[in-house]
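Have a look at the structure below, then the notes.
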Amino acid sequence: MGGMALTGNKAVVYKGKGTVAVEDIGYPELILRDGPGVPKANVNRKCEHGVILKVITTNICGSDQHMVRGRTTAPEGLVLGHEITGEVIETGRDVEFIKKGDIVSVPFNIACGRCVMCKTQKTHVCLNVNPDRPGSAYGYVDMGGWVGGQSEYVMVPYADFQLLVFPDKEQALEKILDLTMLSDIFPTGFHGAYTAGVQTGSTVYIAGAGPVGLAAAHSAQLLGASTVIVGDLNEDRLAQARSFGCETVNVQKHDRLGEQIEQILGEPTVDAAVDCVGFEASGHGNQGEAPAAVLNSIMDVTQVGGSLGIPGLYVTEDPGAKDADAKTGSLKIRFGLGWAKAHTFVTGQTPAMTYNRNLMKAILSGRAQIAKAVNATVISLDDAPKGYSDFDKGAAKKFVIDPHGTLK
């Protein structure tokens, strides 16, 4: 159906440091062709277990921005986008359960469903989709070369295992701005809060008021936190956090986070903390970029025996880092402090499939209001470069690309 009837496919393409463009990349096939970032072992990989989606929504993510800023080794020509929601318009011959017309959420982790990691729900480190290292994602550096989904159409492999089918198509379209967050940031934020041990009555500090930080804050509320404090240096993003009931601290105005927390809680520590910033962190006060700043500060303010959820991205190669150690992902972390306080650290990609079905139920029931929390803002595919620019400038928005004008 799709391959014969359609030929064009506009997509967001990385063109080098600071630049993305919307270009025609050709209609997808059920095969992974050679291209930017595709390892030799993945070239011409057949995907009869896959489907072609007509993309309904695809979101700009903070981890996309790391690449666009030139802070990774992403190759020019890489098609971006790993937050994908769409309608199935073509199925491979080995697809048994997914049907044409299904509206689905695509977990950003690509996972085969067959390896020992997938069978133990560690889909974020699948062993069979990326020849270079465990784990994979669409449109991302060193992640297997799978073509990104900031496009009109995209191929998704291992469809029966991976895709989350929405039970009612009409309801799904009504709630699409919430449901589009299931591909990444809602599970990622929830994973951060959940692995930090947030439960009924917890006090929580969230580092970062970008979309993932706001998703973690909303998730902490869903998990029963009594007080959620969000820290950032962007006043617009802090105002967005306050809009749904969070307390906030501007970390640029003070170099002692514990004192800021004490002004809110009456004590300088929290039960749980979540790092939603990652390696492009800024130091407290006016210290400028300091990659270990967030990790060190959350160790400082998390109570003895507490847990730290770390969904913020850290990399093994950072060509834009200011010192030689940081270029290889080596950070000056006060690990002795974490050891002395018996902290638990949970890092890595989020296994989105662990959480997305239950979070879908929370959205469909009205319990979760994730689009409101992250200020979901719809833009056209042609406006994606401006969306990247505005997001890079600190816009307090989660940009949702609508490639076909479905949401008008």
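Each position is counted from 1, following the chain as shown.
Here the Cβ of each residue, glycine as well, is placed from N, Cα and C on the backbone.
According to Swiss-Prot, the feature Zn(2+) 1 binding site maps to CYS61, HIS82, ASP184, an assignment based on similarity to another entry. For GLY62, SER63, HIS66, VAL212, ASP232, ARG237, VAL277, HIS284, PRO311, LEU313, GLY348, THR350, the entry in Swiss-Prot reads NAD(+) binding site, with the evidence type similarity to another entry. Per Swiss-Prot, the feature Zn(2+) 2 binding site maps to CYS112, CYS115, CYS118, CYS126; the stated evidence is similarity to another entry.
Feature map: annotations from Swiss-Prot on the structure.
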residue: CYS61; record: Zn(2+) 1 binding site; CB count, 10 Å: 29
residue: GLY62; record: NAD(+) binding site; CB count, 10 Å: 23
residue: HIS66; record: NAD(+) binding site; CB count, 10 Å: 21
residue: HIS82; record: Zn(2+) 1 binding site; CB count, 10 Å: 27
residue: CYS112; record: Zn(2+) 2 binding site; CB count, 10 Å: 19
residue: CYS115; record: Zn(2+) 2 binding site; CB count, 10 Å: 17
residue: CYS118; record: Zn(2+) 2 binding site; CB count, 10 Å: 24
residue: ASP184; record: Zn(2+) 1 binding site; CB count, 10 Å: 30
residue: VAL277; record: NAD(+) binding site; CB count, 10 Å: 28
residue: PRO311; record: NAD(+) binding site; CB count, 10 Å: 30
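With respect to their backbone Cα atoms, CYS115 (Zn(2+) 2 binding site) and GLY348 (NAD(+) binding site) stand 18 Å from each other. Fewest other C-beta atoms within 10 Å: among the binding-site residues CYS126, ASP232, GLY348, that description fits GLY348. Other than the site residues CYS61, HIS82, ASP184, same-chain residues with C-beta atoms no more than 8 angstroms from the centre of those residues' C-beta atoms, the Zn(2+) 1 site, are ASN59, SER63, ASP64, GLY81, GLU83, PHE108, ALA137, SER183, ILE185. When the Cα of VAL277 (NAD(+) binding site) is compared against those of the binding-site residues CYS61, HIS82, CYS112, CYS118, CYS126, the shortest separation belongs to CYS61.
The distance from the Cα of ASP232 (NAD(+) binding site) to the Cα of CYS118 (Zn(2+) 2 binding site) comes to 35 Å.
GLY348 (NAD(+) binding site) sits 16 Å from CYS61 (Zn(2+) 1 binding site), taking the CA atoms of both as reference points. The Cβ centroid of CYS112, CYS115, CYS118, CYS126 marks the Zn(2+) 2 site; residues of that chain outside this set whose Cβ lies within 8 Å of it are ALA111, GLY113, ARG114, VAL116, MET117, LYS119, THR123, LEU127, ASN128, VAL129, given in sequence order. Put simply, GLY62 (NAD(+) binding site) is 11 Å from ASP184 (Zn(2+) 1 binding site) when counted between their Cα atoms.
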